[in-house]
Amino acid sequence: MFKIFTKTARSLQLNHMLRKIGSKGWKSQLSMIILSTGRRFATDSKTPMAKSNPWPEDVGILALEIYFPSQYVEQTDLEKYDGVEAGKYTVGLGQTKMGFCSDREDINSLCLTVVQRLLERNHVPYTSIGRLEVGTETIIDKSKAVKTVLMQLFEDSGNTDIEGIDTTNACYGGTASLFNAANWVESSSWDGRYALVVCGDLAVYASGSARPTGGAGAVAMLVGPNAPLALETGLRGTHMQHVYDFYKPDLSSEYPVVDGKLSILCYLTALDQCYAVYRKKIQAQWQKAGMDRPFTLDDFQHVVFHTPFCKLVQKSMARLLLNDFLSNPNLNTRNGIFQDLQPFRDYKLEDTYFDKDIEKAALKASQAVFNEKTKSSLFLATQNGNMYTPSMYGCLASVLARNSARQLAGSRIGAFSYGSGLASSLFSIQVSQDSAPGSPLDKLVSSLSDLPDRLDSRKKVKPEEFTEIMKLKEETHHLMNYVPQGAVEDLFPGTWYLDKIDEKYRRVYARCPLTGDGVNKS
């Protein structure tokens, strides 16, 4: 599609080659390399390894790609089919559509698709990847990692020197993988190449009230220095706790055991704890720089959340505003957004989780803030549903797709990641100031501009057919000697799919052509 990493990728490859060459004869080899590139190796200010500072700067997300299924079911149709009151899924959950996979797609195929799509669209050489981490909770093999399946994409390049493996804890694995990748780039172990973070899942539930909160998808992120989306150093607020709010003890089934009310309580409690730790850390940084004031929501230009369902995200933004209110007794509440919260000034935060009066007041007070900072992030989630590990990163993709590079330049994006069990973090992303045409930020934003068209190109499926597909997947889950029945022609161009499972449970995959008659076009 376009080439965004020419200079950086070339310099990373050169550095990797120099390390392999060793000390003997390195000067002559370097001269040949310089001549072949037509420029000096250490004079480009954008080259990561050209700097005298041994630590790479602005480590973060260089490119981001997202994949979601080519078919969906309308939530209004599901409401009628399930015999529930109108608005239960659309208003109560905040969902309009739910993407889902047939038996032709599994966690391996989702990740194969999104990785190849990212590398191809951005012209990233397979040899320039030095670390690959996968975050997922969709387990189809208790030993073999998804990452090892992805290595087949690198076979032709001969690149087997790729660190990293799968990380699992509910919906948090993608964020753990991102942190690991960034830490690797910033460490003495870094060899100058990119890290690749992949998060993917199929969120499926047994028939009943939880099924409309499903979804599926995958996200791939290229991680390295001089990124347009840099992870802010030292600013991670993390909360970990032992709890059974959502878990999957039955390894023969895709379906989880869920305590819905407890899970919401755990989510909101984790958000409170992470926000408190994050504020403490950033305020400490500010104090060292000579600035003494509290951190508030005003200091985030955008906030993205892990999104089990969209209504919870709106409540979460209200929750952060309530945190600001209760933690700062000096706030002026006579006018402005905090006016309706004044009757609750003496409440303790831990006593407010299921207080409907406080929730209603906080939602009203935070409506404008939600519209400004978070609403655009739900563009994908409301139309595709929960993706588990990629959920928050799908929200990040939506922010990039729904705003211009100029609008985003210089902003700070707050990001809250949650995985049941539980593991959670709130961290921040600093967006590059450079939004000029052709800049890394401009190219990243442009790469996601097709998101609305891709969503519109999906196939609508009736609830009856959706239910039959879910039943088939339930009955054939973990079968051997199985050939999937889903229609390959319904998949997007370039989609990897499950071709068969042999007599030893070995899975074989194939790829749809990038173009072709009868193939759904994105």
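Residue 1 is the first one shown; counting continues down the chain.
Cβ from N, Cα, C; glycine included.
Quick look at what TrEMBL lists:
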ACT_SITE  Glu137  active site, proton donor/acceptor
ACT_SITE  Cys171  active site, acyl-thioester intermediate
ACT_SITE  His306  active site, proton donor/acceptor
BINDING   Ser263, Lys311, Lys315  CoA binding site
DOMAIN    55-228  domain 'Hydroxymethylglutaryl-coenzyme A synthase N-terminal'
DOMAIN    230-511  domain 'Hydroxymethylglutaryl-coenzyme A synthase C-terminal'
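This view paints the features noted in TrEMBL onto the structure.
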residue : record                                   : Cβ neighbours (10 Å)
Glu137  : active site, proton donor/acceptor       : 28
Cys171  : active site, acyl-thioester intermediate : 31
Ser263  : CoA binding site                         : 21
His306  : active site, proton donor/acceptor       : 32
Lys311  : CoA binding site                         : 17
Lys315  : CoA binding site                         : 19
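Calculated from their C-alpha atoms, the gap between Lys311 (CoA binding site) and Cys171 (active site, acyl-thioester intermediate) amounts to 18 Å. Within 8 Å of the centroid of the Cβ atoms of Ser263, Lys311, Lys315, where the record puts CoA, the same chain has further Cβ atoms from Ile264, Tyr267, Leu268, Pro308, Phe309, Leu312, Val313, Ser316. Note on proximity: among Glu137, Cys171, Lys315, the recorded positions of the record, the Cα nearest His306 (active site, proton donor/acceptor) is that of Cys171. In the predicted model, the domain 'Hydroxymethylglutaryl-coenzyme A synthase N-terminal' (55-228) has a mean pLDDT of 97.
Candidates Glu137, Ser263, Lys315 (recorded positions) were compared with the residue listed as 'active site, acyl-thioester intermediate'; those inside 10 Å Cα-Cα are Glu137. Between the C-alpha atoms of Ser263 (CoA binding site) and Glu137 (active site, proton donor/acceptor), the distance comes to 17 Å. When the Cα atoms are compared, Lys315 (CoA binding site) and Glu137 (active site, proton donor/acceptor) turn out to be 25 Å apart. Pairwise Cα distances among Ser263, Lys311, Lys315, the recorded CoA-binding residues, top out at 14 Å.
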